[in-house]
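**Q** Take this structure, written in structure tokens, and hold onto it; I'll ask about it next.
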Amino acid sequence: MAHGPGALMLKCVVVGDGAVGKTCLLMSYANDAFPEEYVPTVFDHYAVSVTVGGKQYLLGLYDTAGQEDYDRLRPLSYPMTDVFLICFSVVNPASFQNVKEEWVPELKEYAPNVPFLLIGTQIDLRDDPKTLARLNDMKEKPVCVEQGQKLAKEIGACCYVECSALTQKGLKTVFDEAIIAILTPKKHTVKKRIGSRCINCCLIT
């Protein structure tokens with residue numbers, strides 16, 4: 001964390017498989033508008049002024065590319081990070097699996113002491129008929145809240161938050177929780193947030 005002339009500067013880096021909604025997550029939050037087209041990200045940066053607990057912060061949001069082609073380039077954005085958001089799409093079970101197989105190991109290698117949150121994206125598609133039909137054809141189904149909560153506990157995430165960049169449901173909570181994770185390090189509980197509900201679950205250590 002670096003101190004500016006006014007607000008406290010915080011750095012938040014978003015990681016996860018390609019096309020799970022990382023860029024949409026950031027753009028919808030930073031610009032209050034959902035992007036119309038998908039453009040694979042190499043690296044991008046946004047800055048948003050936010051107030052949490054009556055205090056103002058300048059949150060630097062760093063987007064990263066999830067594709068394997070950028071495996072060597074991506075960690076260049078990791079130094080001085082205050083918190084990571086590991087994203088997966090709730091309608092892409094493979095991206096959920098890769099959280100544990102790829103993204104957690106990568107963060108443990110390059111930023112072992114930095115807190116991270118587990119973020120389930122694209123929840124607006126959970127009940128979408130076309131999406132459900134596509135998943136059914138592959139003998140798959142959307143990732144449920146309980147699965148996300150369980151994985152968050154397994155990997156040691158600060159909390160599990162679900163959101164939709166399209167409808168903005170849960171979107172503000174994602175970044176409020178990210179700031180809280182920075183300001184209260186070494187949390188020993190995982191929280192599940194759905195709307196206004198919050199359930200605490202103790203981690204087994």
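Using N, Cα and C of the backbone, Cβ positions are placed for all residues, glycine too.
Quick paste from Swiss-Prot:
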type	residues	note
BINDING	16-23, 63-67, 121-124	GTP binding site
MOTIF	38-46	motif 'Effector region'
MOD_RES	Cys202	cysteine methyl ester
LIPID	Cys202	S-farnesyl cysteine
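On this model, are these features tucked inside or out on the surface, and what's nearby?
**A** Within 10 Å of the Cβ of Ala19 (GTP binding site) there are 16 other Cβ atoms, across all protein chains.
Looking just at the motif 'Effector region' (38-46), the mean pLDDT is 66.
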